[in-house]
Each structure stands twice: as structure tokens, then as C-alpha cells.
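Asks: Annotation comment: TrEMBL describes 1-79, 602-652 as region 'Disordered'. TrEMBL lists 24-43, 630-641 with the feature compositional bias 'Low complexity'. Annotation comment: TrEMBL describes 54-64, 610-626, 642-652 as compositional bias 'Basic and acidic residues'. Annotation source TrEMBL lists domain 'Major facilitator superfamily (MFS) profile' at 91-578. Annotated transmembrane segment per TrEMBL: 95-120, 126-145, 221-238, 244-266, 286-307, 313-332, 353-374, 386-408, 420-441, 453-473, 485-504, 560-581 (among others), in sequence order.
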Amino acid sequence: MAVNEDIPLPKLHPSAPILNDIESAPASRSATPSPISPSSGPPREGNGRPPTRGRKDQDKQKDRRAGKKGGGLTEGDDDVDDIPQNNLMIVMPSLCLVLFLAALDQTIIATALPTMVAQFNASPAQYSWVITAYQLAMTLLTPINGRVSDIIGRKPMLYAAIVVFTISSALCGAAQNIEWLIVCRAFQGLGGGTIMGITSIIVSDIVPLEKRGSYQGFMGASWGVAAVVGPILGGAFTNMSRSGWRWCFYINLPTAGVALVLLMVFLKLNKPRTLTFHELRLSFDFLGLFLIMVSSSLLIVGFSFAADHGFQYVPSIALIVVGGVLFVAAIINCLLTKRTAVIPARLFKTRTTLFYTIASTLHAAAFIPCNVVLPQFFQGVHGANALQAGIQLLPFAVFVSWSTVVAGQIQSRLRIVRPVTWVGYAIGALGFGIMVGFWNWDIKLPVQYGTSIIPAVGIGLSLQSPMLILQAAMPLKDMAAVTSAWVLTRSIGGSVGVSLYQAVLNSDMRSEFAKVNAKWGEGPPVPTSAAGYHEIHSMPDGPLKTDVLRAFADSFKPCWIIALSFLAFCLIITIPTRSYSLNRPRGMAAKIEAEAAVAEALQEPELDDGSDKRDEDDPFKEKAEPDSVASTPTAAGSSASTDKERSFTRAE
């Protein structure tokens, strides 16, 4: 029986699924109906509807689709893709506030640390461990945030993290010796690391993917604000009194407390899946968890040692090599294991997700060290104190935050994601190239402010966008895990970048100052603290001082070249990736209902030949979008078509 062309297709419910890999497009109808074979469709009930599938059939459909290469399909995840109703005007600022506090504690002690160390008579090794302890503890918990929160729920993890972070902050402020401070900083890192990971996961739970860009933009802006406000607040608190540095930690108490109360009252989340301990023991990849935690910790500590002692330091080399080998082993384990991996294997198997993961790591390696080396440049070239250096950092940080918000709005309103990241990488690379040419010893403040805005805009445009791309490309069941993996790679990238910048800067500065001393037979030592910067600017004006300042400023140029290279490489590797739609399906139930509605409207009680007209009119059939390659539907007459479970593949 031919298809009745006079009966219009029904208007599908807004929750009807749209394949995640493609942009939705209106179905085209053929002028000539095609006959349909009885073997190409499912058996019919009396009312013309296909029989309702059981849960077992849905699970088969889910497994079949999830296994398709490059699919990123999520129709089977009906148990996790319902968005709970939240008052986002209250919940989002609260999440941004706790994220801001966790990020703030990475930067606020930068200007206060010399005073802390002097008060406690700490050694140089203990000096570095105040920072390393926080980073190390933060990295330890980052890999498990996603999988554990899938089991016990987001709320318990978030609330526990805020409580641990707040109590540890109080103990840090009350520290009476350096050992006390280091231990409490480690516990603070446990809470802060969990906050950083779980807040991004919660945003993916409470905001639909198509609207998520704008909210992630605000989350990214919180990082940018913390990066600049941290050194300023640290310097201001330190200048208040001899013990003013303690307020770097006490400030967390009231603000975190307010955010915790608001989240406990207003945050609404879906109930997590429940697993027994026996099921967890049999299904979870504990070996992969161990390898990732140990390898990332060794890399963090190894690069921290390299930042202090250089890459020729034997312990740092050993830690980096062993950590790198174990990290490769962890990735291989994720690819081969049959258990639930900490990092989804698909993250490494698909070109788009793999390249954007690499790009996120390199982006962090280019951006995060700027918060460390830029204040050093300002203090050495302009003679700024800690507070003034923080103020000079304002244009850079403000435009990073602003462009992050702008990128989120563009992605949410125009559904443009990858081009935004490309523009960001290109502008960022251009900006650092301009810094190589213009940031000399005699640079004027207006020129410095203006040129620092260019790389800041590029960094902001590409800061949060890769996470949105990864989330769009991954199944919903892996959403939390891939978000945690993104946070982990950025943490490792930032640590590697800081160590690399510092090692290159110290090496080049020693070389440049050696040339000055050889030319004049005298000169100041290489500055390593505020006292060294003050000594340079205390020199009498003349050719020697000019050469010293020139040597100091030129030592930073390799850092700008490294950042330029990283961002240019990010641009190159992300261009040949695929576009994924921001339209998420609403679960398998909605798809079955929509299929039944289409079948009923088309009135097909009989199927009389081997072609399937509905393949032409099917609202679920994949359509190519402008910047992606169209997928190929399974041929008619195959076993998949017989079950009316059309599978789609994407050539990757």
C-alpha cells in the first residue's frame, strides 16, 4: 500500500530526540512515494502502531548506538538526561562563588608567601611545598570526581568539599609553623580540587547542552577574576599588618558559608544511580584509578621541582619520566579495560575529543603561567611592588573574563562553538607574538595595557569552549567523567606550563645577566625576589642600568614564544575536527513515542515492497550540517532495519 501523501507529518513534541552528532533540519518529502517491503519494518499492532519495546530492547539499542564510532549518541540515557528545575539566578552565583574561592587560593598566597615564609623561618624547599601541597592534593581527587559522584551523588560530594575547604582554610589561617601550614594546605587542596571538578559537573546536570555555553562562560570568568584579584588581595592583606596574611585564608569562611547555605536550600539534582559495594568492586577500574592518581601526582611534583631547581635536577627528571610512563600506561589501560574506566576510552579514540583534550592541556600551559610571570615582569621592569603588579595585571585578567562570557553567549545564542575556539587560538597566538616585539625594557604602561588585552581576548574565547565540545561529543553517561578528565588535563597542563616557563625564564635570565657582567665587569645578581627587583631600580641611571633592564625584559621573550607556539598548535590540530550538535535527545522513551506518532500519521497497515519511504521522511534520519561530514544510514533490508532500529555511523 502506498504512503498517503495527503496526511501531513505530525508536529513532534519539543522533547523528541535529535541526534547529537548533527544539526536538526526539516525533513524533505519526495514527490513520488516509494513502495515499502514487509521485511523492512516491525510487526504491527491492530491500530497501526509498532509494538512497545521492552527495557531489554531499549538497552540493546542503547549499547548498539553507544558503540558506534564517532556517534556521541545518547538516546539510551533516559535515566540521566532529564534536567531538574532550579532557580539558576541563585544556584549559578553560588556555584561561581565556591569555584572562585577554590581558584582564589591558588593565587592569593603568591604575594603573601614571602611574608609567611619569613615569619616561620622556612627553608626554600618548604616555601615551594606551600604551593605544591595544594596542587598535589587537588590533582589526587580530580580523576575520581566524575565516577564517584555518579554513584553517591553530586550534592554529598559538593557539600563535603565545601566543609573540608572551609575548615582547612581556618586551620591555615591559624597556623603556628610551616609544617602546620603545609599539611592544612594539602587538606584545603582536597576540598578545592573537588569543588573545581564537581561544580562543572553540576552545571552540566542543571543546564541543557544548548544553553550551557553561557553559564560555563560565567564559570570561566570566575577563574579569570580569581587570577587577578588573588595577588591584589594577598598584597593588600599582607600590607595591613605583620599577621595580615592570615586573612588570605579567613576570607573563605563567611563567603563559603553563605554559598553552602544557598546551595543546600536551592540546588535541585536528580537522584544518582545506586551501586552496591559488590557491584562497584566488580565493575570499577581500580587499576586505572591508581595509575592516573600516581602518574599525575608524580608529574605535578616533578615539574614543581623543575621550576625551583631546573630540568637538570635529577629528582625532577626521575619523577617526570616515571610519571610520564605511568600516565601512558593509564591511557592504555583505559583503552583496553572492560571495567568502567575513570577516563572514558572514547575520549582517546575519537579524533575530535582527543585533539580538543590535547588543545585544552596546551591552552592551560600557555595561560596559567601568565599569572605567575607577568607580575614578575611588572616588578622587574617597572619596579612595581606586589600590590601595584596585581593592579597592572588587571587589564589582562578582566579581558580574559569578559571574552569568556562573550564566547559563552555566542555559543548559546548562535550555536557556534568550534569557530569561536579557532578565533580564540588565533587571536591569542597573535597577541603573544605582539608581546615578543613590543614588551621591551622601556615599554610604556599604556602600550603594555593595550597589548596585553589582545592575548587575553584570545585566551578567554578558547577557555571554556573545549569543555562544551567534549560534552557534546560524549554520551550522557560519561558526562561527569569527561568533565573531570578536562579539569585534570588542565591542572596538569597548568603545572607543566608554570614549571616550563620558570625553568626557561631562569635559564635565559642567567645567560643574559652573564653577558651584562662580562661586558661591564660588574652588575647585580639575577633577581629572585622583590628585594632583587628593588636592587635593580636602586642602581644609578646610566648605560649599566639600561643593559640590566634590557637583559631582564629580554629574558621573558622565550616565554611569550612558548605561549604563541602552544596556541598556534592548538589551532592547527583542532581545525580537522568534527562538529557536534548542541541539541540533546530527551531519552529513548521520547524517541519511541515519536516513531509511533510518525507511523500512525503515515497510516501504513501494509508494507508491499523492499524500499522504505520513511527513510526519506524520517525525522530521526541524520542530516549533514554545513561544517561536518554526513553520516551513512544502515542499508535497507539489514537486520538493523528489520528491527526498525536504524543505526548511524560517522566516519572518523
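Placement of Cβ uses the backbone N, Cα and C atoms for every residue, glycine included.
Just so you know, TrEMBL annotations are computer predictions that nobody has curated.
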Asks: Could you check whether the transmembrane segment (420-441) packs against the transmembrane segment (126-145) - three or more CB pairs closer than 8 Å, residues at least 6 apart in sequence?
Replies: no
Asks: Please check if the transmembrane segment (453-473) comes into contact with the transmembrane segment (313-332), where contact means 3 or more CB pairs closer than 8 Å and the residues in each pair are separated by 6 or more positions.
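Replies: When sequence-distant Cβ pairs are counted, the transmembrane segment (313-332) does not touch the transmembrane segment (453-473), since fewer than 3 lie under 8 Å.
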Asks: Please compute the mean pLDDT of the model over the domain 'Major facilitator superfamily (MFS) profile' (91-578).
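Replies: Within the domain 'Major facilitator superfamily (MFS) profile' (91-578), the model's average pLDDT equals 86.
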Asks: Counting a contact as 3 or more Cβ pairs under 8 Å, with residues at least 6 apart in sequence, do the transmembrane segment (221-238) and the transmembrane segment (126-145) touch?
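Replies: Touching, no - the transmembrane segment (221-238) and the transmembrane segment (126-145) miss the threshold of 3 or more Cβ pairs under 8 Å.
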Asks: Flag the pair the transmembrane segment (286-307) / the transmembrane segment (126-145) as in contact if three or more Cβ pairs fall under 8 Å (sequence separation 6 or more).
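Replies: The answer is yes, given that the two segments have at least 3 Cβ pairs within the 8 Å cut-off.
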Asks: Using a threshold of three or more Cβ pairs below 8 Å, and leaving out pairs closer than 6 in sequence, do the transmembrane segment (126-145) and the transmembrane segment (560-581) count as in contact?
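Replies: The answer is no, given that the two segments have fewer than 3 Cβ pairs within the 8 Å cut-off.
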Asks: Given the cut-off of 8 Å on Cβ pairs that are 6 or more apart in sequence, determine whether the transmembrane segment (485-504) and the transmembrane segment (313-332) share at least 3 such pairs.
Replies: no
